[in-house]
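Each remark here refers to the structure printed beneath this line.
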Amino acid sequence: MSDDTSASGGTSAPFPSPVTADPEPGATASKLPGPIRSNIPTPATSGTGIPQPSKMKAPSSFGSTGSVSKIGRPCCNHTTPKSGPPPREATSMSRESDDNLSSINSAYTDNSSAVLTANTEQFIIGQRVWLGGTRPGQIAFIGDTHFAAGEWAGVVLDEPNGKNDGCVSGKRYFQCEPKRGIFSRLTRLTTYPLAGAQTPTSPLAKSSPDRSRTVSPTASIRSSMLRSPGIGGKNGMAVGDRVIVSSGFGSRPGILRYLGETQFAPGNWCGVELDEPSGKNDGTVDDIRYFECKPKYGVFVPIAKVSLSPSSKKTRLSRTGSRESLTSIGTMNSIATTATSRMRMNAQQRKSSTPVKPILATPKSQFSMQDLLREKQQHVEKLMVERDLDREDAQNQALQLQKNINELKARIVELESALDNERKKTEELQCSIDEAQFCGDELNAQSQVYKEKIHDLESKITKLVSATPSLQSILPPDLPSDDGALQEEIAKLQEKMTIQQKEVESRIAEQLEEEQRLRENVKYLNEQIATLQSELVSKDEALEKFSLSECGIENLRRELELLKEENEKQAQEAQAEFTRKLAEKSVEVLRLSSELQNLKATSDSLESERVNKTDECEILQTEVRMRDEQIRELNQQLDEVTTQLNVQKADSSALDDMLRLQKEGTEEKSTLLEKTEKELVQSKEQAAKTLNDKEQLEKQISDLKQLAEQEKLVREMTENAINQIQLEKESIEQQLALKQNELEDFQKKQSESEVHLQEIKAQNTQKDFELVESGESLKKLQQQLEQKTLGHEKLQAALEELKKEKETIIKEKEQELQQLQSKSAESESALKVVQVQLEQLQQQAAASGEEGSKTVAKLHDEISQLKSQAEETQSELKSTQSNLEAKSKQLEAANGSLEEEAKKSGHLLEQITKLKSEVGETQAALSSCHTDVESKTKQLEAANAALEKVNKEYAESRAEASDLQDKVKEITDTLHAELQAERSSSSALHTKLSKFSDEIATGHKELTSKADAWSQEMLQKEKELQELRQQLQDSQDSQTKLKAEGERKEKSFEESIKNLQEEVTKAKTENLELSTGTQTTIKDLQERLEITNAELQHKEKMASEDAQKIADLKTLVEAIQVANANISATNAELSTVLEVLQAEKSETNHIFELFEMEADMNSERLIEKVTGIKEELKETHLQLDERQKKFEELEEKLKQAQQSEQKLQQESQTSKEKLTEIQQSLQELQDSVKQKEELVQNLEEKVRESSSIIEAQNTKLNESNVQLENKTSCLKETQDQLLESQKKEKQLQEEAAKLSGELQQVQEANGDIKDSLVKVEELVKVLEEKLQAATSQLDAQQATNKELQELLVKSQENEGNLQGESLAVTEKLQQLEQANGELKEALCQKENGLKELQGKLDESNTVLESQKKSHNEIQDKLEQAQQKERTLQEETSKLAEQLSQLKQANEELQKSLQQKQLLLEKGNEFDTQLAEYQKVIDEMDDAASVKSALLEQLQNRVAELETALRQANDAQKTAYLETKELRRQLESLELEKSREVLSLKAQMNGASSRSGKGDEVESLDIETSLAKINFLNSIIADMQQKNDALKAKVQTLETLPMDFTKPHAFDALTKRKPAPRLFCDICDEFDQHDTEDCPIQGSEDQDYSTPSSESNNNEKERKLPAPRKYCDSCEVFGHDTSECADDETY
């Protein structure tokens, strides 16, 4: 193929027209070898003189890109054209390109396409190579080209035997001299010359099967096989769909413009606008317009002959471009083109062949669906063979046409060279004409000059002539000589004039003749110029059109390149995702295809096995019947055995009853075990269901376990503390018991002392002298009693103080209880918040899926647990309150008893002092316990901190539920703070953890039911919120009260400070005398006062801050509620906005995906298919090799089938052996019966063993019962311990009742303390004021001290003066020291008073510290709330950012949509521009479908061979079975025959002994017996004939042709059906013309009339055309072997 052919676009006309005018006489169009008319209709010429394509469709391989790899290897040698042929009109432009020849010849150039070098990466530009191993040159270009796909090498040859100068189709790839450039594949280049390499003389030479050269005319065939599967009438097609019209001229594509009834013929018709002007009308028939189109583009066809084009069908993305889609298209095209081959092959047999009898339909019972499928497959195989022949004929015709095209191109080149010569001649003629014209002008100018001279001379002559007579008259005598001279001169002049005139006339005549000749020449040249100009104009127009088309093509290419670049830019962005999707889909497609292939293979194998098994079943049924009888016998035996077993079962049932009696004791335990087992089974089922959930939950459970372990540690610590407290309580109780015992002993002693007193009284009466002593002793006793009463009063005061302390403790506990209640309320509020958030989470969980539901379920479970824990804490608090009340009551009762006993005796005072010390110890122990509790609370807080860390880490992993988990953490913190007094064991936690996994499954179900309950609970929670607000107000009121109490305390402090200040003023007067010692004490007091003032100020600040924080908390709670409402609203709005945006995004993504899919499809079709089909060709070659291998394997299988016949015979022997084996099996069955009897015995033994095992199990159960009893005993012990603990609890409750009494007293004392606190607060305020005054006084004192220091200096100066006065001073100093000692004693007393004040201050400090703790907790809560606010603000900021991002994304999406719309518009323009290219791509698809069809043919042939093998095997089996049956029948008949012969002989022998009367009867018996014998002989003869026929069938099957690939391979099996006849659907006539050739359709040719039936009857015979030329070397029709060129072209 020449490189001037443009293969890229496929726009160059493959059928150029010859030039109409030929100036050379020899170069006429008649000499051009045209195609011999066989079945090709005459093409209709267009306006430009270009022949239109024939109605017969070119083979689908013309436009294929599959042959691109063999581009440039045609079979013919044609001259290289310098310029391309003129293009066709846009309306009639064909889609075939100039690479058709290479695509057709690719099937015949296997020698030229041999791979010489596999490593193509070694070649470099400038490297010296040998083309084909023979022609040397240098590489000048390596890369992709526009004329063909793939990588090509441009080589500059050493010799001018190339094809071009580096330019192909107007595109320059490199530059070299003409005829030295050539393009070749890299695989055809070598780096060294090949020794035996020669150019093949006939590159297309290859072996091909012989076939007939007679060709029959084509015709339209009306057959059901032409109907494609896609046709469904109006349901399958719609107006505007792209369709294919199948007819005798091939399949023609077009667009469906009309579908419905017409007036020119009944029925539904399809009006199609064809792509090429090969139709009949312009949409109008009989002056009725059905649709509009160009003339010769419209045609009306029945619906049966129209099928949807594959391009119009909406195929799935995963199937487009796949092999299945290509094969389906190929089968559609192949079915559409089978009718012509059948007509062509069977037209010659129409006369000679007798009509085949129609095949009678057999019943459905005789033939299965497999037989029908086999018949259909055979029919399809015939159609495929005919199609192959038709395709080969079409390819040969195309080769001939291509050869004609090449010759026309050579003719065009010659005509172009002639044009150049003519142009040169015209230029020379124009030069000569210009010269002639110039010479003529000069001659005309000279002739005019001469004429003027002649005219002047004539005028002079006339003047002379007129003057001569006067001269003669005047001077005749004087001038005779002059006259003669003048006359001579005149004569001479006249002669000269005549000569000149003659010369001028001759010249004028010559000039006139020359002018006429030149005019004639000019006319002739003008005519030639006009003709040449017309020719040049036509050629220039054609060249302009061609150049414009080339320019347009180049522009289109440029635009294509630009669009490709844009598409590549867009595609590269989407290609990654698309390739990924394609990869996934391709994997799925491959998987599905593999599954389909496996299913097909399995179905085929199952069908073959089913056929074999049906045959085997027929054989085995007889054996089964025999075995059924044996089984019946065995069943009878088994029945007997079963009866025996039933007897044994009765025995075993008796044993079972015994076992049941034994098991009744264990049934309850077994029921419990069964319940537990059922629960375990259910849990296992739930675990099986939640395995996937557990994988995720295991991590969470592990975290929870860690938390649980930490909680265990904390709880163990708390339990240890509680145990210690309990131990301390028990020790206290023991001490109280001891004290009670001591009191009882004391009472006993009192009673004894009273007895002694009575005795003493008796003695006093006897002894009067002892009265005085007794009076004195009584006085002493009275004094002691007074002292004891004083001590008793002191004790009562101490008791009151203790009561006050108890009241303070009770108040503290009440405060703690209130705090716990507030915390519980807060926890409930937090629970409400969590529930609200849970509802939000549920809404989110509907979107988030299982994880959200799991988290919600977890949180719900945790909340339920926390609720239960909170309820437990409340119950425990209530129990503690009741215990405290009971203990207070007990204390009150004890106090009453103590008071009564204190009145009776004074000895109790000492014990009371001891009790005071013990109470102090208990208080110390309690304080230590409080310290321990505080340390443990700190440990709990540390554990909570660790829990917070863990929860934070968990929150990082769970970003979606971070807020909830933080809140849950807060709740857990508060609840862990509340759980300081709880009693919880590790077993409960483990049970909770075990329940947790169960509740996770049930939580999902409960969520739906609880969602309704939550809505009701929300209303309750709102009420509870109102109650909480009231509680907050109450707490505020309590805070105001506390403030008032603080003020009172301050006042009391101020009063005490006033007193102190007064004392200080007194001390100052005394301290003026003292210099140094008093100042230190004052400084200490001042520092203490400053510390107390600072602490008071700090406490006031804390109180104010607490108030502010409470107010801020209120505002924060309200703000958080509002923010939560706003956030929920914004979340709802955002969710709706997000849903809308997601919907829009999904729509835009869908649009983008569609656009990207279209762009990808276009780009991939333009880019990938060109390369992909090349690879497919390689794969086809590989597959062909594989198929050849398979054919060889199938031949071997056929040989194996022949061997299988021998194996069948051997199997017959083996079947006999099987019979013996069956007999042996019968014996084995009998043996097995014996074995079963033995088994029955073994079963009996096993039953016995099982009974022993059951007994062993019973023993085990007894042991387990013992263990259970031990456990029950342990449980009883635990119950006893619990009872004891309950008793202890009761005791504690009683003590609590006593304590409650004490609490009441303490509460009363607490009221007094509150009053005192109010007073103290007032004192504190007064003290603050006094402190300010004291500070001013201290400043003054400091000033006085300075003055005193100055005085001391002065006194030191005056020491020398005062030495004399030192003695007096020493005396004064001694006096002062005495006074100082007194002052020290007073100071000690004051210090004691100060210590008491410090104790009170310490108590107030403890109260303040508790308040500080509560304030700290409030601060922590505030900080947490602030953190929540921050998180909410961050979330709101994040949401705002997300909104802004979404807005930006929306704007970007809108911009991208606008860009995409612009791109879509450009794409539409691009689609309009690519319409013709898509046609070429469609032809490429058709070619690929052809290749796939070839593969299908090979697969079908393989399947045919396999079916043939199966048929042969089936036939062999059936023949073998029939022979078996026949042999059996023959044996039975022979037995009957022998029996009848014996009976006849016996009758003959008996006839001889009978009398003559019975001769007639005997003759009748003989006749009947002879008739029977004849009948039996006839039956035997029929059976033998059938046997012979079956043997003949077997022999024919054995002698089948081994090569089923030949076209006549199946002629031995079935006869060819007669070819279908021509039929016109409009005229409703046979054998006249096709529907598409009906003259009624033609809108222009209305002169046609419907042919009559007589003409049909008379003109049934059709003449055959003359045989076509055929090339043996090329194996192609269209040229003879002698005309074939031998050189190889590229």
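Each position is counted from 1, following the chain as shown.
Cβ from N, Cα, C; glycine included.
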Report task. For the set SER67, SER986, SER1404, SER1437, say which residue Swiss-Prot annotates with phosphoserine. Result -> SER67
Query raised in the report: From SER17, SER216, pick the one Swiss-Prot annotates as phosphoserine?
Result: SER216
Query raised in the report: Of SER60, SER328, SER994, SER1250, which does Swiss-Prot mark as phosphoserine?
Result: SER328
Report summary line: If one consults Swiss-Prot for phosphothreonine across THR218, THR327, THR614, THR1008, the residue flagged is THR327
Report summary line: Of THR134, THR262, THR913, THR1681, the residue that Swiss-Prot annotates as phosphothreonine is THR1681
Report task. Given the candidates SER97, SER322, SER1410, specify the residue that Swiss-Prot annotates with phosphoserine. Result -> SER322
Query raised in the report: Taking the coiled coil (1158-1549) as reference, which of 378-468, 484-660, 1565-1600 has the most Cβ pairs under 8 angstroms?
Result: 484-660
Query - Secondary structure content, the domain 'CAP-Gly 2' (260-302) (per DSSP, counts of residues) - result: 0 helix, 19 strand, 24 coil
Query raised in the report: If you run through the domain 'CAP-Gly 1' (143-185) with DSSP, how many residues end up as helix, strand and coil?
Result: 0 helix, 19 strand, 24 coil
Query raised in the report: Can you tell me the mean pLDDT for the coiled coil (667-916)?
Result: 70
